[in-house]
């Protein structure tokens, strides 16, 4: 994750967990537990530890067990690592905690007997790290402290050609790891993997040279700036150079960072001056006090428009104080320096603890245009404050053209755009295919996608709001593919960093007629599990024939940083079925798949 995204928006600071079955509550004294009194409410006060969990379980089925089957009022589930035999579960009050312990202690799940008991709140990692990192004289060591340049643009010291060589090598390492995972976890694929390695220089598929970004400096069209204080206590708008867990939260200037455009730097300077003179304080993750927390700035390379979203904690402000704050923000950002920076849209974000089913914080439009617009491959896109849009617009054109080229759709092809956002990929595909069906969990993004289709005069695209885990089969039915008329179906997958949920992978695998899939990943290391699942032999869960990785290509959307976008083409190869799947108990069949979406 890039350093500019370090500004967390959860109400509570992250707490590191350790097993504490025998902890004594009398130990909860001192600075490390002061946050329990400072926050007013924290679910850390009502936490249990659950032990004896089975070796294999999914977070989804665990949540279903706790919240649906057992009807426990959980507030937060803290998993140590995948497959961990113990977890922590937080509740909102003592009554709910006691009811959970009574229900879970001794409960049998997946052949294991669970044990549940009260757990002590976690110590504040900020305070703990500061104690650990201090010398005998009390001077902080801060060994992990880095400059903002090293944190945000760690490759900026290299020439751009050297950066591309390094990224090409790193993506080769990712693909090698993918091949190793296939070889070790799927014995039936070992012969196939070894043949691929011989053909492609040790890689499990063909890998083309990396595509460079057309713009290397000032390319970012969105940044999330933290608002805090620097090492001298001066109020700053910039990027954090540390983290809560390693003991320092200083925010430093972004003035010298190469990847941030000048209009954003001007906006940051203007708002920093405003914050320094404002009667409202900056938010402190240590004390949970203060108001100004985050400044999100979006800009358009095509129009020069700048959108500003000011993120605040309202605390106990009166209505009059809220209006005073909003008016002062608008007055600042619409001043002459604001006009020179290109600010045309101002929004007010209330940062708060999100409720179940809530994916974004409430955002209020304060001034100017409600959206900004940018262009990709000749199409115009409307961008709302919370919508996903590739952060490097010129390089996004390269990425989407690569996806189109590798997918090679025809006028008889239907496209499934999974995690479609504002519809950018699908709309770029529209002129090359029969129809596009997109889905995204963010409703505002879907509204933007529909608007973008209408604005560009594109009539063969339909977009749906909802969880792709539940809607993929419905989209396939909606596509109404007719194989006898040589119609085909291609899925374009561009998920968040964590990748797709196994339910989405299952539905894509089980989808009849879907013989080609293009996976676009902004975090290739995290996507390896998805890729392996796409290639697993048939089973009771993965009933459709496996996909095969055919070709990969990297696109540099993030110059000066270590991040790289990777595109992989997967195809089903019916003729290689006997070679790829030899497990007699899991031979694929042509039985129809139940098209009903999971609930």
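Cβ coordinates are placed from backbone N, Cα and C, and glycine is handled just like the others.
Curation does not apply to TrEMBL; its annotations are automatic.
The model shown is predicted, which means the values in this text are computed figures rather than measured ones.
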Range annotated as region 'Disordered' - as stated in TrEMBL, picked from 1-27, 28-54: 1-27
Integer Cα-Cα distance in angstrom, residue 494 (S-adenosyl-L-methionine binding site) to residue 522 (active site, nucleophile): 8
Close in space, distant in sequence - residue 522 (active site, nucleophile), Cβ under 8 Å, 6 or more apart: 496, 497, 557, 563, 565
S-adenosyl-L-methionine site, defined by 390, 440, 494: further same-chain residues with Cβ within 8 Å of the Cβ centre: 388, 389, 419, 420, 421, 422, 424, 425, 520
Number of other Cβ atoms within 10 Å of the Cβ of residue 390 (S-adenosyl-L-methionine binding site) across all protein chains: 24
Cβ neighbour count within 10 Å of residue 494 (S-adenosyl-L-methionine binding site): 25
